[in-house]
Amino acid sequence: MASVTALVLLLLAFAGGLVCGNHTYIVYMNPAHRPAVHPSQADWYAAHLQSLDIDPGRHLLYAYSDALHGFAASLLPHHLDLLRRSPAVVHLHPDPVLRLHTTRSPQFLGLAPDASSSAAVPRPIQAVEAASRDVFIAVLDTGVWPEVPSFSAAAGLPDVPSRWRGACEAGVDFSPSLCNHKLVGARSFSRGFRAAVTAAGDGTVRGKPKEYDSPRDRDGHGTHTASTAAGSAVANASLLGYATGTARGMATAARVAAYKVCWASGCFGSDILAGIDAAISDGADILSLSLGGGSTPYFRDTIAIGAFAAAERGIFVSCSAGNSGPGPATLANGAPWIATVGAGTLDRDFPATAHLGNGARYTGVSLYSGKGMGKKLVPAVYGGGRSNASKLCLADTLDPARVRGKLVLCDRGVSARVEKGAVVKAAGGAAMILANTAANGEELVADSHLLPAVAVGKKEGDLIRQYITTNPRPRGVLSFGGTVLGVRPSPVVAAFSSRGPNPVSPQILKPDFIGPGVNILAGWSGSVGPTGLIKDGRRTQFNIMSGTSMSCPHISGVAALLKGAHPNWSPAAIKSALMTSSYVLDNTNSPLRDAAGGSVATPFAYGAGHVDPQRALSPGLIYDITADDYIAFLCSLNYTIPHIQAITKRPNVTCSRRFSDPGNLNYPSFAVGFGKKSRVVKYRRELTNVGSASSTYEAKVSGPGGVAVTVKPAKLMFKHVNQKLKYSVTFASKERGRSAGTAFGWITWSNSQHKVRSPVAYTWKM
């Protein structure tokens, strides 16, 4: 009750300062116009608003300093013209609303011993674990539930390094004493959220539970991602008996700080920028953001803008690609200074079986942990309502008289998977089969349903649909198989994982790579059950979730390990090491496959491949990129100077240097576009030797026969460490009149110790 009262009072107090009709905008300022009389940027922003007859006390939400030159303000329509006419204002846009991209993974990545194997953790990984204790990971998400044992300070973890400037903020049900040597910071940013709630007119978020006005995590998503990145090892962890074992983050010695920027109605750009601003100031080394929006130019992309400032400070930024797959050009967070992470499966599964009255058995997955159905077959129904919407088991579509006591078949899609189970249970159904449609193919995602339930792929789903709709007395029963390890093939690209080509800058191949993102066990909020549904009264310290939200913190944690091992590497160098060392063969030694249809996956789905932390520790060569290189890239996109100034925080940008083609950025991958008049594309790259002092590498090209690829020189001879050598590569399409399409290949620089591999994506547009 105290937390609810505090939030209501907070909202009412905030609403009193706003006028109906306000909308939040992010305003970018040119610091060259700042008068010397103002001691700080914040003072100048307030004074500038005052000079335009805009009361900063009522309208100013945030004054940014590190993430960008500018502020967020709740403005009336006539304020916009005043600001646009001001010569000090570079650019402004509405506050965007972004969304979340929702224990075996350490073993799968080779970061922890496998209980089924006598093999020890490789010594390089052990040494890196110790070095990562000086690395700080900032997780921007829904906050943290600090009582989860993943955030306990492990024995031997030394004092927090003095360079850390973060803090644990007091708030509703959150005391600063909850932080320790592991959880070193916790802050919350809600002004954008509160302004939007107030602008809605009633001070509430309809249909959503109340929020904690503090860093405490009501949702569970932030606790899950933070513990995945850097949680301490916790023995005997499980979700209600599933995935039992030791749960641990990727970098168990690294420090983690939680920045709550996401709320019941979404993640507001103004709050995200405030979180990035604080994380940079606090001294973070890694930023982890499992959230995003649609594709938008970089000068309107708040994550891209904040990430640019972070990267320029030497901070690695990892972001989820999104869960809008398997369609093409669906990914978010595609800026080249961001590590864009797709999702793959683990070699662990949670099998469950649907037994039908005709003797057929169809295997799927489930995390149901309650009382089973027994062995007796029960009547089955598909479309237990008056409309086709009942086949999707949407709210209020099922007729209790038709589904009571029955096994209900539901199509996947439109509503949340666990919500369908709740609808079936509320209508009196005994159990549920959740069947994929074409959109999800054979991808299987396990859920902790409120009633006996199994998820099956499209092929099995079609057979079950046919049986129930053609048999006069369809019947079935479900059984559950617990946890199974050693699943083959794995990894497989998740069908939901968003895909390239890059919708904003197609010359940059995205995603960069994939990591574990399906059925991941990690810490959970004590405020909500494992389904996240209000009616779920179960509580557990760990939960199993899927999404690129889960793969992103895996990469954040692995990046922390690389930062500990190579503290002087730039963010681009770390990303390069992860990309060029990734693998593209599964545990059956076959090419990675796509769960959407079972076909061989492509770099538009997995980027450079699946990350391999051990190989990334010693990549041999890296593709490095500076902030000036990124600016030359932005100039080559033909953005206006004010737009580039807004992204880069540099008031004196002139674009005197620009690439002839955006694809000439020194990126570790290639995206080559051919057209009717452009059948030859030439790109340049530069490699830095981070291996042995005297090293020689030779280039090897593989790919489609319809493209001639020439690398010059074909041999690079390095004489010392950190030496840089350049090469060019020419791609020539040999097929005249070819129809539109895609193909893929590789360019690999190799010697006896290293293979530095870059994917190449070819696109023909005719």
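In case you wondered, yes, glycine gets a Cβ from its N, Cα and C as well.
According to TrEMBL, the protein has these features:
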type     : residues : note
ACT_SITE : Asp141   : active site, charge relay system
ACT_SITE : His221   : active site, charge relay system
ACT_SITE : Ser549   : active site, charge relay system
COMPBIAS : 208-222  : compositional bias 'Basic and acidic residues'
DOMAIN   : 24-101   : domain 'Inhibitor I9'
DOMAIN   : 133-609  : domain 'Peptidase S8/S53'
DOMAIN   : 381-463  : domain 'PA'
DOMAIN   : 664-761  : domain 'Subtilisin-like protease fibronectin type-III'
REGION   : 204-227  : region 'Disordered'
SIGNAL   : 1-21     : signal peptide
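Around the Cβ of Asp141 (active site, charge relay system), 29 further Cβ atoms fall within 10 Å across all displayed protein chains. For Ser549 (active site, charge relay system), applying a Cβ distance below 8 Å and a minimum sequence separation of six or more within one chain yields Leu100, His101, Thr102, His221, His224, Thr225, Ser290, Leu291, Ser320, Asn323, Gly517. Break the domain 'Subtilisin-like protease fibronectin type-III' (664-761) down by DSSP state and the numbers are 1 helix, 60 strand, 37 coil. The number of other CB atoms found within 10 A of the CB of His221 (active site, charge relay system), across every protein chain shown, is 27. Taken together, the residues of the domain 'Subtilisin-like protease fibronectin type-III' (664-761) have an average pLDDT of 95. Across the domain 'PA' (381-463), DSSP classifies residues as 25 helix, 18 strand, 40 coil. In the compositional bias 'Basic and acidic residues' (208-222), helix, strand and coil residues by DSSP number 2 helix, 1 strand, 12 coil. Mapped onto DSSP classes, the domain 'Inhibitor I9' (24-101) shows 26 helix, 27 strand, 25 coil.
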